[in-house]
Amino acid sequence: VMATPVALPTDLANWPKLKRHLEALKRIEPNPEALVKVLDDLHEEYMLNYVSPATGAGSARSFFTGLRRFIEQRMSDEQRKQFFQGLLPFLVDRVLALEAGREPLNYACQQEASVTVLSREFVSSLLSAAFLCVMPQHPKDLAISMSANGFPAFFAAIQEATPHQAEKLQCVLSYFERLQREGLPAGKLVVARSVLPSKELLTSAKLAASSRPLCRLLVEPEASMKDADTNLLHVCFGNSFLGGGVLLTGVLQEETLFVHNPELITSMLFVEAMDNNEAVYIMGYEPFSQSDGYGLKMKFTGQVRESLQPDEAGILPRRLVSMDAVPYRGFPAEQYVKQNLLRDTNKAYVAFRQSYKQCPELAASAPRGVVTGNWGCGAFGGDPQLKSLLQWLVASQLELPVLQYHKFSDSRVDRLEEVSEKLQSAKCTVGQLWKRILDYCKIASKEFEKTDSLQTELFAHLLKTA
């Protein structure tokens with residue numbers, strides 16, 4: 001299959017003109033009005049690549065008024081000065097660096113296992129280009145299955161009614177501010193697309209026949225996943241489109257993770273949405289900011305710094321895997337149907353498997369324990385009792401050293417330890433647990449048929465019948 005290269009701003013036909021607009025940003029008056037004017041001109045010039053001037057490329061309403069509002073309302077005089085004299089020229093220089101500092105970058109397409117290794121220096125240029133809204137649009141044939149690759153909608157959404165959007169911007173700016181202050185980061189960012197071939201998919205028969213013991217399960221009642229051991233594989237409860245709504249108004253677990261660790265946003269520039277048998281790993285990133293509060297209550301609480309050491313290949317220890325849940329909100333009974341159980345089980349399997357065959361930098365690394373939690377159980381309406389046990393079953397089938405499960409104080413999984421102790425003292429195997437989950441799902445399906453609601457909970461069923 002021919003690889004499709006990712007176009008950079010320097011590939012656009014009108015790059016010389018775009019470059020002049022970018023350079024103008026380095027010399028503007030230090031006021032938000034002047035900034036919006038130059039950004040509007042830049043964006044209008046950029047849009048000429050996609051629409052003819054006759055179709056009204058210059059919309060009356062600027063995308064950048066939200067950014068202006070942020071600078072006026074959220075920055076002190078000192079911060080404003082720093083933004084215009086330090087940060088803006090830095091962003092422009094990072095985009096201009098693409099002329100000389102290009103690295104090979106292709107789209108990571110569906111059903112093709114791939115590994116992309118980029119210097120974090122190059123990543124800073126890509127993110128600066130996305131931030132200034134000059135990354136070329138995705139090719140037509142890929143556009144429908146790609147995440148957003150620029151910030152226009154992000155800036156447009158900084159409004160009185162969406163205060164969390166300004167908090168997200170504060171997080172992203174922390175990344176650029178540190179780089180501008182302290183220099184470009186060393187090391188590499190690795191993005192790997194993992195595909196589970198159909199012959200390796202777990203079937204009900206394969207699972208039922210498994211005599212593997214259940215692995216160690218560590219339950220964390222309240223702690224946040226972001227504080228978990230950096231030598232474990234962290235699960236990102238993703239959208240099938242990487243980053244979810246981070247460049248729109250989204251502010252759930254995935255979006256928060258992406259603004260705390262902005263290098264993750266790089267994946268949105270080239271990774272096609274995930275199919276059911278795929279997961280995406282990102283490694284070598286680090287957090288630059290932190291926040292309190294979940295969802296719309298999010299509040300930026302400052303910049304952070306970790307003193308983690310990279311490995312011999314120049315990759316920092318953090319690793320995450322993005323795995324998307326199925327939305328069951330509105331039709332909860334669907335998750336107890338066998339084909340959906342298998343879909344969720346195989347999604348966790350490809351995510352936890354950590355097969356890096358195509359990547360010499362990682363081939364030798366043993367699978368890590370996994371940090372996870374109530375996957376797809378908030379807005380997506382999943383049953384956390386079912387999701388926790390399916391994930392434990394998969395970790396056990398893969399013989400992982402540990403599954404660390406974060407309950408996020410969700411009372412629905414209060415009895416997880418009790419259930420796990422009971423199953424382990426009974427020496428329950430993967431196959432036995434799978435069969436008992438299937439038995440339970442038959443009961444659940446009947447209850448939904450009769451009363452349109454669930455009467456018997458999975459944990460109660462297991463504790464009663466163990």
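Note that Cβ sites are derived from N, Cα and C of the backbone, with glycine treated the same way.
The domain 'PARG helical' annotation in TrEMBL covers 75-185. The average pLDDT for the domain 'PARG helical' (75-185) in the predicted structure is 96.
The annotation domain 'PARG catalytic Macro' is assigned in TrEMBL to 207-413.
Sequence-distant contacts (6 or more apart, same chain, Cβ under 8 Å) of N239 (substrate binding site) comprise G245, E254, D324. Positions annotated as substrate binding site by TrEMBL: N239, Q253, Y294.
According to its DSSP assignment, Q253 (substrate binding site) is helical.
Residue counts of the domain 'PARG helical' (75-185) by helix, strand and coil are 64 helix, 8 strand, 39 coil (DSSP-based). Most other Cβ atoms within 10 A: among the binding-site residues Q253, Y294, that distinction falls to Q253.
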